[in-house]
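A.B. asks: Sharing a structure with you now.
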C-alpha cells in the first residue's frame, strides 16, 4: 500500500492481460458503454489539442459516445463533434507544436468570461523533432515554451480536468525517410523535459495538471503493430480513450467494476451503529474473559505448606454462560466483518479485473478433482444421496463455481451453461432435502422453520448491514429461502400428508400428487406472467427484500431461470422414497441399485445425455437463447448426468465411498458462496482481491487460505448463535421472534432515515 490516489496508478502504470486487455496497477477499469458515456459527459465540453497522435485519441474518444463516427475531416485542421441529444461538445484543435499559437489559445480560456472546457487533453512533440531535424536547439525551445504554458494549464486545472499526454515511442524500423529523425531517444528527452517542468510548476499548487504517461507503456507493447511506425494501432488508441473515460467518469457514475478514481464511500448510519455494536461486543468479551481468568487464578490448586499436598479448589469452574457465548461470537464476527469492510469498501487493498483463459479455468479444476479423488473414505451408510454424498456433491460443485468466478469464465458460453446446471443442482438438493425431511419426520413446527431460515440468512443480513448492500444482491440466499418456504407451505397446508399417514392409506399418495400438480401449475403461471409476479413481490415489506436498483426484475429473472428444478427435486424424493419403501431398489454395501441390465442401460443413457448437453451448450449462440432453454434442459442434467445421481449411485462400490475433501467444503458451501463476494473476489464479485501485488499465484494462495478459514469460522459462529437465538422451547422462541421483529423494525427505521438523508 503506497497511499496515493488510484487515479495516479490509472494514468501511469499497468500491464496487459493477454493481447488487448489493459490492467491498471492496483485498481479496476470499467468498460463504458455509449449510454454511460453520454450520461457522464452530458452538458460537457471536451477539447483535444495537439498533433495527429492526439487526433487519433480524439476519434477513439468520440467513438465511445457515438460508434458510427468515421475518421473523416481535415487532417491538419480543427475537427468539431457534437452530440445534441446529450449536449456534448468535443473539439480537436490542430496545434502540432508547443509554441506561441498553442499558448495563445490556452490563455484565451483563462481570461475574461470565456467558457472553459471541462476536460482539456494536450500533447505534442514529434512535429518539433521532425521540422527541426531533431536538433538540440528545438528541444531547448520546447522547454521554454512548456515553461510558459505550464502556469496557464495550472490555472485551468483549478476548475477543469487537464491532461498532458506524453509522447509514445516509435517503431524506428518502420518509419519513413522523412521521419527517421524521430527517435525514441529524442522522444524520451522531450517527455523528461515536459514531466520535470509540469511537476515543478505544480509543486506548490493545489491544482495539478495530470500527466498521461500510461500511453507510453501501452505503446511499448503494441507499436510493432503500427502501420507507419508512428501512429498507434486502433486497439491501443481505444484503450487510451477508455482510460480517459475512467479517470473522469468513475467518480461521477461510480460503476461497481470501476474502482480506479473512486473515492471511498462514506459510512452510513447503519454501518456506524454496527461498528459501535461490534466494538462494544469485543470490549464486553474482553472484560468477561479477564474476570474469568482472575477467578480461575484465585480458585486454582495450591500446595498445603504443612503437608506438602496439593489442595483442590472447593468451588468448581462455572459453565460458560449464554452471554459469554454471544459476546464471543460477536467479537469474532466483528473482527471478520472489519476484514470484509477493509477488503471491499476501504481503499486499502488493491483490486484487479478478471481475465479469462482456458488454462486459468481448466488447470485448477483438474487439480481440485485429483485432490478430491485422493481423499476418499468409506461412507457410514450406502443409501442414495446419504449425508456424506450430498456434502461431497455440494463441495465439488462449490469449488468448481469458485474457480469459475475467479477466472472470469462466464465469458465462455459452454462453461457458463455447465455452471448454470450446477446452480440448478443446488436448488434440486433444496427440493430433495426439505421434502424428504417433512415427508419422513412430519415436523412442521415453528422451530424447524426458524432454524433453517436463520442458518440460511444470518450471514447475509450481517453483510447487508456492514457492506451496505440490498438483500437481493446476494441472490442465492433469497432464492433458497423462498423455495424452502414454498416447500413448507405446500406440505404444511391442509391436509398435511406425510409418509406415516400415506402408508396407512394409499389414496393419500394421490392427494400429495395433487398438491404437487397445483404447485407446478402456480410455477408455470408465474413464470409466464411477469406482471403478476412483480406485483406480488412489490408489496411492502417484500419489496424491501427483493428489490434491486429500484425494481424486482432481477429477482424475477433469477427465480425464472431455475423455476422447475426445486419441484423436480421434490418429485424425485417422493419417487425414490416410494421405491425404497416397496424395496424395489437394493442399497446394500457393494450392491447395484438395479439389476445389471437396467443399470447398464441407465448408465449408457446418462453418458449420452451428458455428451448431448455438452454439444448443445457448445453450439449455443448467446446467453439469452441459452437461458430461455435452460429451465427445461437443466433438470434432465441434474437427474441423469454422470457426476450427479445415477452414475454416482447405481454402482454399489461407487456408492459406498465418498471424498472427505469435497465433503469438508460441502459443509461450508453456503458460507463459501457468500464470502467470495467481498474477501476473495472484489468490487462485489466484478474483480479480484489483490493482497500481494506482482505475484498472482502467491496472491491467490494467500487470499484463498484466509477466505476458506473465514468461511469455516462463520459457519461455526452461525451454528453457535442458532442454538441461542432459536431455542426449542416455544415460549422462549416466541420472545426471541419478537426481539428479531423489533430488530428488523429498527433496521427499517434507520434505513428510511438513511435514504432520506441521501436524497
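Cβ atoms here come from the backbone N, Cα and C positions, even for glycine.
In case it's useful when we look at the structure, here is the feature table from TrEMBL:
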DOMAIN    22-72  domain 'NXPE C-terminal'
DOMAIN    254-737  domain 'Cas1p 10 TM acyl transferase'
TRANSMEM  269-291  transmembrane segment
TRANSMEM  325-343  transmembrane segment
TRANSMEM  355-375  transmembrane segment
TRANSMEM  396-417  transmembrane segment
TRANSMEM  452-468  transmembrane segment
TRANSMEM  474-494  transmembrane segment
TRANSMEM  506-526  transmembrane segment
TRANSMEM  561-579  transmembrane segment
TRANSMEM  600-617  transmembrane segment
TRANSMEM  661-682  transmembrane segment
TRANSMEM  688-712  transmembrane segment
TRANSMEM  733-753  transmembrane segment
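Provide an account of the burial state, proximal residues and distances for the features listed.
C.D. replies: Secondary structure of the domain 'NXPE C-terminal' (22-72), assigned with DSSP and counted as helix (H, G, I), strand (E, B) and coil, comes to 22 helix, 9 strand, 20 coil.
Residues 354-358, 360-361, 364-365, 368-369, 372, 423, 425-426, 614, 617-618, 620, 622-623, 626, 630, 643, 659, 662, 665-666, 669, 672-673, 676, 680-681, 685, 688, 700 of the same chain lie 6 or more positions beyond the ends of the transmembrane segment (396-417) yet place their CB under 8 Å from a CB of it.
Within the chain, the transmembrane segment (452-468) has long-range Cβ neighbours (under 8 A, six or more residues past its boundaries) at 265, 268, 270-271, 274, 333, 337, 340-341, 344-345, 434, 474, 477, 480-481, 484, 670-671, 674-675, 677-678, 714, 718-719, 721-722, 725-726, 747.
Residues of the same chain lying 6 or more positions beyond the ends of the transmembrane segment (661-682) and with a Cβ under 8 Å from any Cβ of it are 28, 259, 339-340, 343-344, 349, 351-352, 371-372, 374-375, 388, 390-399, 401-402, 405-406, 455-456, 459-460, 463, 467, 474, 476-477, 688-690, 703-704, 706-708, 710-712, 714-715, 718.
With a cut-off of 8 Å between Cβ atoms, the residues of this chain six or more beyond the transmembrane segment (733-753) that come close are 269-270, 273, 446-447, 450, 465, 541, 544, 725-727.
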A.B. asks: Taking residues 6+ outside the transmembrane segment (561-579), which of them lie with a CB under 8 Å of any CB in it?
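C.D. replies: For the transmembrane segment (561-579), the list is 384, 420, 423-425, 427-433, 435-436, 439-440, 479, 483, 486-487, 490, 499, 509, 512, 516, 519-520, 523, 526-527, 585, 627, 630-632, 634-635, 638-639, 645.
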A.B. asks: Report, as numbers and ranges, every residue of the chain located at least six residues beyond the transmembrane segment (688-712) whose Cβ falls under 8 Å of a Cβ in that stretch; write 'none' if there are none.
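C.D. replies: Those are 25-26, 336, 339, 343-344, 349-354, 406, 668, 671-672, 675-676, 679-682, in sequence order.
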A.B. asks: Are there residues at least 6 beyond the ends of the transmembrane segment (474-494) whose Cβ is under 8 Å from a Cβ of it, and what are they?
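C.D. replies: Same-chain residues near the transmembrane segment (474-494) but 6 or more away: 423, 426-427, 430-431, 434-435, 438-439, 444, 449, 452-453, 456-457, 460, 463-464, 515-516, 518-519, 545-546, 554-555, 558-559, 562, 566, 570, 670, 673-674, 677.
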A.B. asks: Mean pLDDT, the domain 'NXPE C-terminal' (22-72)?
C.D. replies: 94
